[in-house]
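Q: The structure that follows is given in the form of C-alpha cells.
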Amino acid sequence: MVNVQTYTQRAESHQSPVAQRLFKLMDSKKTNLCASVDVKTTSEFLSLIDKLGPYICLVKTHIDIIDDFSYEGTIVPLLELSKKHNFMIFEDRKFADIGNTVKSQYSGGVYKIAQWSDITNAHGVTGSGIVQGLKEAARETTDEPRGLLMLAELSSKGSIAHGKYTEETVEIAKTDKEFVIGFIAQRDMGGQDEGFDWIVMTPGVGLDDKGDSLGQQYRTVDEVVSTGTDIIIVGRGLFGKGRDPDVEGQRYREAGWNAYLKKTSQV
C-alpha cells in the first residue's frame, strides 16, 4: 500500500536520523527532487550542483567517474555547497561484495565515502552481511548519521532485479531498521504493516524522453509518485544537451512536489 503520510508526519515517527533529516529538509524546501550529476570534471560537477542546489533535496554522485578527483578539490567544495543550498548527498556506489570487503571500500581507499556521503546503496546479492559491514564502517569512520538504500529494482531494460530477487532484497532490508532507510525501486516496497517506513527513490524519471539507446527507460513524475516513489532521481533531464539547469531544476521540482501533494491529498 502506498504511503500517503506527509513528509512531516514521517519525520516525526522515523527511527533513522538520516531519514528524519531528509524528510524535514524536503518539507522545508518543498522538493522531492534528487539531481544525478554524472560528469567527468570537478569544475563541471561543482558548477552544475551550484546551479541545481536551490531545487533539490539530494544530489546523487558517481564520484569514481570524475577524472580529476581529489578530496580537497572535489569533496570539500561539495560539502560547502550542501550547506549553502541545504541538500544531502547520496553516493551511488552500489556495493556488492562480502561484508568485510565493503567495509574497507566504504570507509577507505581514495574516495573515503563514509566520511562525506549521507547515504549510499548496495545490492542484495551477497546477503545481509553487506548491511552489517557497511554499518560498522560508518560507525567507525564518523559520528555523523549515515543511511543505506538497497537496490530492489532498476530502471534499465532487461534488468534481472525483480521477482524473487526483489523479495529477498526486501528481507535483507528488514535486518536493520535504523541503518537501512529504503530502496532504489520503481514502486512502494511495503513493510508498513511490520513497522517499516522505507524511503523509495526512483531513477529513470523524465518529463520529455522515453528512453535512450543503452536501455534506460523513463517513466513520468506523476506515474512514479502515484505508485509509491518518495524521491525522483533525474540526471540528463536537468542538464543534458540544450537544457538549462535553472529552468529544468525548477520544472522538475514543481512537477515532483505537485505529484506529492496530490498523493497525500493536500490539493
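Cβ from N, Cα, C; glycine included.
According to Swiss-Prot, the substrate binding site annotation covers D38, 60-62, 92-101, Y218, R236, on the basis of similarity to another entry. Among the features that Swiss-Prot reports, active site, proton donor is placed at K94.
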Q: I'd like the number of other C-beta atoms within 10 A of the C-beta of Y218 (substrate binding site), please.
A: 20
Q: Cβ neighbours within 10 Å, counted over all protein chains: which one of the binding-site residues A96, I98 has the most?
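A: Compared across A96, I98, the most Cβ atoms within 10 Å surround A96.
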Q: Including all protein chains displayed, how many Cβ atoms other than that of D92 (substrate binding site) lie within 10 Å of its Cβ?
A: 22
Q: Within its own chain, what residues at least 6 apart in sequence put their Cβ under 8 Å from the Cβ of N100 (substrate binding site), listed in sequence order?
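A: In sequence order, G133 meet the Cβ cut-off.
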Q: May I ask you to report the DSSP-based helix, strand or coil state of N100 (substrate binding site)?
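A: The residue in question, N100 (substrate binding site), is helix (DSSP, three-state).
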Q: CB neighbours of K94 (substrate binding site) within 10 A?
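A: Within a 10 Å radius of the Cβ of K94 (substrate binding site) lie 14 other Cβ atoms.
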